[in-house]
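For reference, the structure is listed below as structure tokens.
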Amino acid sequence: MSIIDSTTGANASNSPLSPLLVILGNTGSGKSALAINLAKVIPAGIINADSRQIYSRMDIATAKPTLSEMLEIPHYLYSFIQPDQPFSLAEYQTLAYQAIDSLHTQNRLPVLVGGSGQYLKAVLEGWSIPPVAPDETFRAALFEKAEKEGGDVIFTELEKKDPQAATQIDPRNIRRVVRALEVIHKTGGKFSGLQIKNPPPYRVFKIGIHIPREELYRTVDLRVEKMLEQGLEAEVRSLLEKGYKASLPSMSGIGYRQIAKYIEGSISLTEAVEQMKFETHRLIRQQNTYFRLTDTNIHWITLEESRSNGIIQLVCDFLATENKNEIH
């Protein structure tokens, strides 16, 4: 018997909804490892929901799956955008839906994996992204301000103008902060108020991996050290030598920004490492505004449970039912 016996889209109204598994949680919590382990047992494909893993040539600090893992199991939306290529949330949403539907036609379970809350919400809640044309002059002024005074300055401005939007946007993602302020500037309304929701026709089961904060801090600190051992400095040098400027949105990611500063001579390597750890801790706290243990729509598991056979049975039970609420 196939794992997917239903249709999607307009024809789904009289049919069971096609399944979509979501694996979410903090950075460094083991989401990709769980997805890959599941896909080795259940016919599945993995779809990226991490805003940093979309870029090519940027592999180490983004902690992408390895090449061998991506060759063994179908992976979508990884390493397909050049570091200097603009890419919008609306484009991601469209491509994610295409990947989900493609996997359904292949009789594979789509597994959406990531920690970028905005990417996940755009797909799962069916956001209608505001059709506001870019204002290059306004954007340039904000980018210049962020470069001179720091990204925190314009993020604080967003917090004042639209507190709800500020809770949904990574403060380190300057491009998305600028976009939100741009929409507010051009429409006179709140960015958060313009996001109309139209959930897609999928039967969704969300699994979240929870690791106590202090334990997770220790894990990501060790991962920072490992990234340096894996050649992060050489990766950043290669990007800069190829002409990718440190001011690019893609280069604002944790690891790339700090190592670029070290290479430019503005900070020491020790300072770069400490900043990477500090920023990763801050990202974890930011992600916790998206992924709450009190969210009853998420089935929370421990790291140990994510490595057990029980999680495979849990997903099989989900596939065998027509109502995710029957899964406990």
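Each Cβ is built from the backbone N, Cα and C atoms, and glycine gets one as well.
Reduced to three states, the DSSP call for SER32 (ATP binding site) is helix. The ATP binding site annotation in Swiss-Prot covers GLY25, ASN26, THR27, GLY28, SER29, GLY30, LYS31, SER32, and the record cites sequence analysis as its basis.
Summarising the annotation, Swiss-Prot assigns substrate binding site to THR27, GLY28, SER29, GLY30, LYS31, SER32 and lists sequence analysis as the type of evidence. Taking Cβ-Cβ distances under 8 Å and a sequence separation of 6 or more, the neighbours of LYS31 (ATP binding site) in its chain are ILE23, LEU24, GLY25, VAL113, GLY114, GLY115, ILE209.
Here the region 'Interaction with substrate tRNA' (50-53) has Cβ contacts under 8 Å with residues 61-64, 77-79, 92, 113-116, 118-119, 170, 173, 250, 253 of the same chain, all six or more residues outside its ends. According to Swiss-Prot, the region 'Interaction with substrate tRNA' annotation covers 50-53, on the basis of sequence analysis.
Residue density at SER116 (site 'Interaction with substrate tRNA'): 24 other Cβ atoms are found within 10 A of its Cβ, drawing on all protein chains shown. Taken residue by residue with DSSP, SER116 (site 'Interaction with substrate tRNA') is part of neither helix nor strand, so it is coil. As annotated by Swiss-Prot, site 'Interaction with substrate tRNA' applies to SER116 (among others).
Around ARG139 (site 'Interaction with substrate tRNA'), the same-chain residues at least 6 positions away in sequence with a Cβ under 8 Å from its Cβ are VAL178, GLU182. Swiss-Prot lists ARG139 (among others) with the feature site 'Interaction with substrate tRNA'.
Looking just at the region 'Interaction with substrate tRNA' (50-53), the mean pLDDT is 96. The 10 Å shell around the Cβ of GLY25 (ATP binding site) contains 28 further Cβ atoms across the protein chains shown. Listed in sequence order, the residues of the same chain lying 6 or more apart from SER32 (ATP binding site) and placing their CB within less than 8 Å of its CB are ILE46, ALA63, PRO65, VAL113.
Within 8 Å of the centroid defined by the CB atoms of GLY25, ASN26, THR27, GLY28, SER29, GLY30, LYS31, SER32, the record's ATP site, lie the Cβ atoms of GLY115, ILE209, ILE211, excluding the listed residues themselves.
With respect to their backbone Cα atoms, SER116 (site 'Interaction with substrate tRNA') and ASN26 (ATP binding site) stand 9 Å from each other.
In this structure, of the binding-site residues GLY28, GLY30, the smallest number of CB atoms within 10 A of the CB marks GLY30. SER29 (ATP binding site) has a Cβ environment of 24 other Cβ atoms inside 10 Å.
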